[in-house]
Amino acid sequence: MDHLPIFCQLRDRDCLLVGGGDVAERKARLLLEAGARLTVNALAFIPQFTVWANEGMLTLVEGAFEESLLDGCWLAIAATDDDAVNQQVSEAAESRRIFCNVVDAPKAASFIMPSIIDRSPLMVAVSSGGTSPVLARLLREKLESLLPQHLGQVAHYAGQLRARVKKQFATMGERRRFWEKLFINDRLAQSLANADAKAVSEITEQMLSEPLDHRGEVVLVGAGPGDAGLLTLKGLQQIQQADVVVYDRLVSDDIMNLVRRDADRVFVGKRAGYHCVPQEEINQILLREAQKGRRVVRLKGGDPFIFGRGGEELETLCHAGIPFSVVPGITAASGCSAYSGVPLTHRDYAQSVRLVTGHLKTGGELDWENLAAEKQTLVFYMGLNQAATIQEKLIAFGMQADMPVALVENGTAVKQRVVSGVLAQLGELAKQVESPALIIVGRVVALRDKLNWFSNH
């Protein structure tokens, strides 16, 4: 280990920054955020330093560096574009046993500054020891995506609860289980982020009052249309915290590969060799797993509240008093249209878009007259088996037979396939496509020839 990672308490302590340019500004921001009493020395300063000085946030000393500026300092940073000046600052600091960082010259410095993920009071530092700053930055960006923005608020709140938790739970094991439940409670984290004191109090009291083994919850997560890159950051965080993931066939293998390795996986979709699990049975699976005290993720393709029956599942949980939350996903209409070069709205062709289910409960009927109106785009979910009926009804209610249509199979996936034509051909076109597929009807489909980008990659 070439460097010892430490966190310095600089609040109200004198620090010196030598340099007045853009690089020095970035260092100054970090020192000010840490509460340092900062003096900045340079021959000239960019405007931001003057702004800070006028606000009383730091002291500017214009002119050449002098060793006396280090008097009383705890820490120094040399951030000029003059190597000789930087070396002078480093040597002067070294002689006084003051730690000094020299920008872009780790061998000349007595300390280096890592890439930082700030979720105060939680801090994560990443460093390559100065050998590969770009690698450290890329790793920091990866970690940033995995750590929720509100994590710091959760950590701060946990600090307020420590004494009470220690008093209520006698053993270390009980305390550990409680803290694990608290740190992955998405409803609590969201309430803290929203400064909803009432909800925070209610959730906390519920967690403290119930037996530890009976504090399960369900998170309804939209997996997006297929491409794993379209899964939201919050969705990724949830599937990596799950004890059990209940999923269907619209969730891609690439997304399932991101699920926490030791999580149980329950498949409830329809696949060759399997029977489709009835919705009521799915509801009971969610209920049963949550009642075991487990963190359950119900992972659904697209967005769970757009033809995903998410509302029905949550009604069951609500009736049973099971805590739940929802993470929306990119719905298939948005993903498939974007990846097939079909804008759902366009000033010249469509001022509205309608998302329509291709099948209803028994006895249901669509409002075909309004669906056949001009200047709109129709997107039919689960409509492949009803394509001939959709064609017949739309034409019967006045839509032109030459209206452009597109069928998007496996939208956003590497194996995406798009079949296009006109409304009069829809029934026949559907025979060329396999589920899962989406039907898009509207003048905007004609733009596909110009705007299609995905198939070219």
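Every residue, even glycine, has its Cβ placed from backbone N, Cα and C.
Among the features that Swiss-Prot reports, active site, proton acceptor is placed at Asp248, with the record citing sequence analysis. DSSP assigns Asp248 (active site, proton acceptor) to coil in the three-state reduction, outside any helix or strand.
Taken from Swiss-Prot, the feature active site, proton donor covers Lys270, and the record attributes it to sequence analysis.
Counting Cβ atoms from all protein chains shown, Leu43 (NAD(+) binding site) has 13 others lying within 10 Å of its own Cβ. Per Swiss-Prot, the feature NAD(+) binding site maps to Asp22, Val23, Leu43, Ala44.
Taking all protein chains in view, 31 other C-beta atoms sit within 10 angstroms of the C-beta of Pro225 (S-adenosyl-L-methionine binding site). Positions annotated as S-adenosyl-L-methionine binding site by Swiss-Prot: Pro225, Gly301, Gly302, Asp303, Ile306, Thr331, Ala332, Met382, Gly411.
Marked as phosphoserine by Swiss-Prot on the basis of sequence analysis: Ser128. Listed in sequence order, Leu135, Ala136 are the same-chain residues six or more apart from Ser128 (phosphoserine) with CB atoms under 8 A from its CB.
Annotated region 'Precorrin-2 dehydrogenase /sirohydrochlorin ferrochelatase' per Swiss-Prot: 1-204, in sequence order.
Looking at the region 'Uroporphyrinogen-III C-methyltransferase' (216-457) alone, the prediction's average pLDDT is 91. Swiss-Prot lists 216-457 with the feature region 'Uroporphyrinogen-III C-methyltransferase'.
Under 8 Å, Cβ to Cβ, and six or more positions away along its own chain, Asp22 (NAD(+) binding site) finds Ile46.
For Gly411 (S-adenosyl-L-methionine binding site), the number of other Cβ atoms no farther than 10 Å from its own Cβ, over all displayed protein chains, is 25. Long-range Cβ neighbours of Ile306 (S-adenosyl-L-methionine binding site) (same chain, at least 6 residues apart, Cβ-Cβ under 8 Å): Thr331, Ala332, Ala333, Leu355, Tyr381.
Counting only same-chain residues six or more apart in sequence, the Cβ atoms lying under 8 angstroms from the Cβ of Val23 (NAD(+) binding site) belong to Ala79, Val103. Each residue contributes its Cα atom, and for Gly411 (S-adenosyl-L-methionine binding site) and Leu43 (NAD(+) binding site) these two points are 58 Å apart.
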